[in-house]
Every structure is written in C-alpha cells, then in structure tokens.
Amino acid sequence: MQSSKMKKDESFLGKLGGSLARKKKSKEVSDLHEEGKNAINAPLLPSGTEIHPEDALLEENAERIMLDPASRENPKFKDLVKTLTEWINSELEEDRIIVKDLEEDCYDGQVLQKLFEKLSGRKLNVAEVTQSEIGQKQKLQTVLEAVNSVLRPHGWTVEWSVESIHSKYLVSIVYLLVALAMHFQAAIRLPEHVSVQVVVVKKLEGILQTAVVTKELTTTTEMMMGRFERDAFDTLLDHAPDKLNVVKSSLITFVNKHLNKLNLEVTELESQFADGVYLILLMGLLEDYFVPLYNFFLTPESFEQKVHNVAFAFELMQDGGLMKPKARPEDVVNLNLKATLRVLYNLFTNYKNSE
C-alpha cells in the first residue's frame, strides 16, 4: 500500500511538474512573441525611449508624439529653453509672473495669455484663473486663435495646438515661443541650428508603429532675423555702405556734444560703448541726473560686468520713456556695430535737440 501511494504521489508530482513546465514554456513563447512584436513595431525607436503603457490604448489611426530623451538633454536645446524662459520672465516681470518650467507653467494658457497681451498690446477676453481642464482648454483655444491670427498672415506654420500645449508637449511650446519671439522682435539671441528628434507612435490595424522625425526649431540668426521688418540700418549696411561713415560721423558728433561736458570723447562707436559706461553716463547727461557709481561698474573687467552695464543703460532708457532697444546687451558688448548703431540712433532721434 505504501509503495502504491508513493507511485501515486510521484505520478501527481510528475503531472504537476509537467503542467508547470508547459506554463513556463508557454510564457517563454509569449515573451518571445512580445519581444519580436516590439522589435517589429519599433525598429526606429531611439535608445532610452520606452513604449508607454498608454500607447497600447491608442485608438485606430491615433498617434502620440514625444520628445526623444537624448534631444531633451542636448545642450543647444537646453540653451534655447533657458533663453526663452528668461525672456518670458523679463517680459512679465511687472506682472510678478515667474516661469521655472515651460511645460508645467505654460500648458494651462495663463502665461501664454499674459505674454501675448504684453507683446501685442491686445487684451483677450478670457477668465483670469481656470482650474478645470475644460476651462484651461477654452482659454488656450482663445489665446491660440489670437496668436494664429497674428502669425498666419506673415507665413508662420502653426506647429502647435490646444491638445499639444495642454498635454505639456515641450516641442510645441518651444515652437510657439520661438515664433512669438521672432515675430515681435524680442531683444534676445536665439541659439542657431537647434533641432530635436521626436518619436511618433501610431496605431495602424491594431499594431503600434513608431517613427523618428527631426524637428528644426531655429535656423541661422540671419534667416530668423529675415522674418523681421528690416530697418534703416539693414538697408544701409547692405546697399549703401558708403553712407555708413556719414551716419557714424553724425552719431559721434551727437554723443560728443554731451560727453564733452565730462571731458570724455568718442572716436570709435563699436568699441567705446561696448562696456556700457559711456552709455550710462550719456543717459545721465541727456536726462540731467547723476547716476550713482554703485549702480554700475566704472571699470568693468569681465564680460558679465559689461553686460550688466549695458542692460542697466537700457533700463535708464526705458525709464526715460524710450522703447526697449531692439538689441541685446550681449550684442553691444560683442562689438556688434548694427546693434550699437540702433541703440545710439534711438537716443539721437529722441534727444537730438537737447542741450
């Protein structure tokens, strides 16, 4: 009886072992099938990018787009994001709005609304604060319609939508901000030749298919500046360089008329205004006030100190009622003649009759 029982137990364990082995074998086959399917479905997927669980829930012909992680960490792209973030904070400083993360701070339309109103001078009829998703999308719809009505007539391709912005798709947000910065002639220099790779996941006939697409966010400075309305200095430098010395001579005469009061004299526009000191002193003379020496570097040594001086001079100009200069402080410090001419000509047109 004992021998019979042992045989029965062995038979049972054998069956159990066989069952477990078959299940293991089945799972291995299933895993291999899944691995093969993923290999077929995602042949172009960049390393480090994963298929998300929600991709399996995509409806037929629907797609999801995401920024490739490697592109997100690209130094040029990060520099572009940083430049745009600082620009927004500069524009909205009076509104006490501080943007730290473009994805988290721009998706609900609040920041984009304030930025567009500041740049365009238009007031949009939208609710100030919207907490619900429906309310946020309605606000975004109104803001983007206003933005598109301004940009489309000038040939801008709309690379953004309510859904892409609200889903915090960084590439769409950056596309939009770059377009606004260029269209409204922001006094910033965008990094050149910034491209990113985006992963497109699409469901076709129940199978997920992926592709990698390169998106060009910026080109060369000259091409981007070509979107702007060219001013007199573009025309002057391109078509009448012989007249450039006449303009420079007139500006030198104007600035020396005032700087001579401090026993200072300018002979080279590009270099002598590059550290910002003469610009600050000139503004004090034109507006008839003394600028405390602790507000700027009288003998700047580093690039940062020079940029601080020029930026401070720009603030003094705006305090005097002038428009924000269409140049970056960095351009003046880098001896960019066109930028320096624009700044000085703006002073000349406003103060040419000042004694």
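Our numbering is plain: 1 for the first residue shown, then up by one each step along the chain.
Glycine is no exception: its Cβ is also placed from the backbone N, Cα and C atoms.
Owing to the predicted nature of the structure, the values given are computational and were not obtained by experimental measurement.
The annotation compositional bias 'Basic and acidic residues' is assigned in TrEMBL to 1-12 (among others).
Summarising the annotation, TrEMBL assigns region 'Disordered' to 1-48.
Taken from TrEMBL, the feature compositional bias 'Basic and acidic residues' applies to 27-37 (among others).
Sequence annotations record features per position, and here TrEMBL assigns domain 'Calponin-homology (CH)' to 78-185 (among others).
Feature annotation from TrEMBL assigns domain 'Calponin-homology (CH)' to 245-352 (among others).
The helix, strand and coil residue counts that DSSP assigns across the domain 'Calponin-homology (CH)' (78-185) are 74 helix, 0 strand, 34 coil. In terms of DSSP helix, strand and coil, the domain 'Calponin-homology (CH)' (245-352) has 73 helix, 0 strand, 35 coil.
Mean pLDDT of the predicted structure over the domain 'Calponin-homology (CH)' (245-352): 88.
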